[in-house]
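Here is the structure we will look at, set down as structure tokens.
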Amino acid sequence: FPAGAPPDPASAHAASTALHHSPALLGPPPLGPVSHAPRVENRRLSTAAGLEECGLEECSVPASVVLAPLREALNACCPTVQKQVRDDIGRRLTVLGDAWAQGKLSTPVRKRMSLLVQELQQQHWDTADEIHRSLMVDHVNEVSQWLVGVKRLIAEMRSLPAAEPAAVTDGSTEAGPGQEDP
């Protein structure tokens, strides 16, 4: 259209119709799942995404790598958690173990659970909780029966008196000058 000249109504309608009805002009839809969960630790989650891409044979995670630390965490919470809550978490961990043993968990879920346990062992509560949320968003049908128990376990572990992370083995238990407790 010449500058300042009103557009021709017929050509304006044709251009508008082409824009609204031509998928080629809009481009392809985005690929992959859309996740609305905030990403607190992109570095750690990108590691999780990298693990999910590897083949099943070359990086499968045994159930014991995940279940044993979760059961240990539950035992550590025993003195401070009501019996009914302990029993519920225990039942949900059993459901997780059964699903794992029956091959009902996808590779991405197994990998993320392995990472979640590593974060729990290092007392990285926020990162463990973020991995839990990403599992709930991305794999809700697969994890809904047992992930509630893992969430509760994270909350109970977080509320325990602070202890040295399992990964720290230098023997030091006191914070030095200018250092804060984890």
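Note that Cβ sites are derived from N, Cα and C of the backbone, with glycine treated the same way.
Given the structure is predicted, the values throughout are model-derived calculations rather than measurements.
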Where TrEMBL places region 'Disordered' among the ranges 1-37, 112-148: 1-37
For the domain 'SRA1/Sec31' (26-164), mean pLDDT (0 to 100): 81
